[in-house]
């Protein structure tokens, strides 16, 4: 006879034991199982260690949180409540380390950083400043 039946409990398991995802065990929001599957199917290596997808998920989650925080600040500076690609671009390009990481990346609808050569700006001379007073 089977150890499990209608209304029966599985052998060796208690009623309170549930499956806990690897993301939950690691305290992450990013899907460790999906990243593990991508690493295996991507044929990056013959074998993938058990800690590799957890570590990669943690790194990706940290980078996403960092970019979102800076983009949120950029949106707030522009008095907007919604993050758009322009805010993401401003966040990345104004952060030295993220700019280095994403140096060759183009963000669609991001535009460019505002930059005017100081030589092209009108210079303030003593005559104009005295005339204002």
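Cβ from N, Cα, C; glycine included.
Feature annotations, reproduced from Swiss-Prot:
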- 124: ubiquitin cross-link (CROSSLNK)
- 2: N-acetylserine (MOD_RES)
- 6: N6-acetyllysine (MOD_RES)
- 9: N6-acetyllysine (MOD_RES)
- 11: N6-acetyllysine (MOD_RES)
- 13: N6-acetyllysine (MOD_RES)
- 18: N6-acetyllysine (MOD_RES)
- 123: phosphoserine (MOD_RES)
- 129: phosphoserine (MOD_RES)
- 1-23: region 'Disordered' (REGION)
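Rounded to a whole number, the distance between the Cα atoms of residue 18 (N6-acetyllysine) and residue 124 (ubiquitin cross-link) is 72 Å.
Residue 18 (N6-acetyllysine) and residue 123 (phosphoserine) are 71 Å apart (CA-CA, integer value). Within 10 Å of the C-beta of residue 124 (ubiquitin cross-link) we count 9 further C-beta atoms, all protein chains included.
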